[in-house]
Amino acid sequence: MHPSTPISSLFSFTSPAVKRLLGWKQGDEEEKWAEKAVDSLVKKLKKKKGAMDELERALSCPGQPSKCVTIPRSLDGRLQVSHRKGLPHVIYCRVWRWPDLQSHHELKPLECCEFPFGSKQKEVCINPYHYRRVETPVLPPVLVPRHSEYNPQLSLLAKFRSASLHSEPLMPHNATYPDSFQQSLGPAPPSSPGHVFPQSPCPTSYPQSPGSPSESDSPYQHSDFRPVCYEEPLHWCSVAYYELNNRVGETFQASSRSVLIDGFTDPSNNRNRFCLGLLSNVNRNSTIENTRRHIGKGVHLYYVGGEVYAECVSDSSIFVQSRNCNYQHGFHPATVCKIPSGCSLKVFNNQLFAQLLAQLLAQSVHHGFEVVYELTKMCTIRMSFVKGWGAEYHRQDVTSTPCWIEIHLHGPLQWLDKVLTQMGSPHNPISSVS
């Protein structure tokens with residue numbers, strides 16, 4: 001034996017089956033991790049007749065139909081590979097198809113898959129060609145009226161103000177995921193308390209194109225509208241950290257579609273992490289200190305296919321106030337949703353936002369400036385760690401919670417800004433008392 005040969009190498013052995021499967025591996029990072037992941041899989045598949053052959057067939061002929069390749073589902077649904085836990089279908093899709101895959105939110109099963117991860121059966125399909133990657137939908141441009149053709153009966157401003165004045169609670173309502181969401185079948189009708197947005201179908205076809213049957217019924221022509229397109233910004237969101245009502249540290253600009261906000265310290269300045277443990281505050285009290293110790297792994301934000309997800313990876317719950325999420329589930333706009341450890345919730349949907357914006361523009365014309373401006377509130381998400389706020393807590397407002405963050409969604413905000421610029425000045429000046 002050569003004196004420099006490590007002892008561990010004498011006992012390391014990669015089976016021919018593992019070597020064969022690694023031949024289809026995508027990317028060149030984390031070789032050892034991929035090898036251990038494949039080795040773990042081979043040991044499971046060897047117990048099932050024909051499973052190895054089916055996997056090799058799927059990998060070697062990606063365009064051809066293939067059967068499910070399954071492994072038993074663990075208690076928490078995750079698989080541990082070399083001190084790292086992950087969902088099995090995500091792990092093997094990362095190994096054999098998409099090395100940059102971050103989350104299960106980026107995957108959708110094909111119709112041919114009988115054991116997709118989301119079905120929660122005893123077996124889980126890990127065939128990477130039984131899943132597809134979620135694509136970001138292209139949002140149609142919204143059409144901004146050029147002229148002031150105000151019809152009081154079409155205006156939503158009065159309804160908006162009436163609902164805001166009479167239905168805004170002294171303290172926000174509370175909801176817990178997933179319990180409060182199980183009866184939710186989508187947005188509530190417009191007459192329900194707190195709902196100030198229209199609920200008519202999205203008018204994606206306005207104004208009518210020339211020659212269409214209903215052209216004579218439409219009061220508008222193409223020249224009456226100016227299209228404003230959605231553009232994806234370089235940084236999809238920014239995150240500001242607060243302790244009570246004090247901003248602490250610099251704002252974090254998120255360029256990666258997967259961002260971890262935790263309570264640890266990471267001096268490497270990783271662009272995918274916002275480490276709250278690094279931030280100092282001379283006014284910090286014992287309650288804040290104790291809360292910061294419980295943030296732990298914090299929250300994982302994913303921006304996938306035009307949707308934003310928040311996954312609680314802390315041992316303690318997180319609390320989220322998202323008007324977009326509340327509208328989608330039929331809650332009051334100010335409702336605070338509790339996300340327990342290990343759960344994830346969709347907190348923003350670009351397509352829903354686009355529909356609301358298009359509806360407001362179509363129905364309220366000139367006097368809808370204030371109503372459209374109100375949509376800026378939907379582009380901000382507030383989230384507290386460990387301690388909640390609202391009607392069920394002694395803290396009435398997010399600024400009473402020890403540790404919280406405010407997330408600004410740049411794409412929707414910039415889109416709104418362009419729309420409002422095209423609309424011109426508001427009928428009533430926007431102010432703190434408007």
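The backbone N, Cα and C atoms fix where each Cβ goes, glycine too.
As written in Swiss-Prot, here are the features:
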BINDING   Cys68, Cys113, Cys125, His130  Zn(2+) binding site
COMPBIAS  202-221  compositional bias 'Polar residues'
DOMAIN    16-140  domain 'MH1'
DOMAIN    236-434  domain 'MH2'
REGION    171-222  region 'Disordered'
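Projection of Swiss-Prot feature records onto the structure.
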| residue | record | DSSP (3 states) |
| --- | --- | --- |
| Cys68 | Zn(2+) binding site | coil |
| Cys113 | Zn(2+) binding site | coil |
| Cys125 | Zn(2+) binding site | strand |
| His130 | Zn(2+) binding site | helix |
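What surrounds the Zn(2+) site, by Cβ distance within 8 Å of the Cβ centroid and not counting Cys68, Cys113, Cys125, His130, is the set Lys67, Val69, Thr70, Pro109, Leu110, Cys112, Glu114, Phe115, Pro116, Ile126, Asn127, Tyr131 from the same chain. Sorting each residue of the domain 'MH1' (16-140) by its DSSP state yields 50 helix, 18 strand, 57 coil.
For Cys68 (Zn(2+) binding site), the same-chain residues 6+ apart in sequence whose C-beta sits under 8 angstroms from its C-beta are Cys113, Glu114, Phe115, Glu123, Cys125, Asn127, His130. The least crowded of the binding-site residues Cys113, Cys125, judged by other CB atoms within 10 A of its own CB, is Cys113. Per-residue pLDDT, averaged along the domain 'MH1' (16-140), amounts to 87 for this model.
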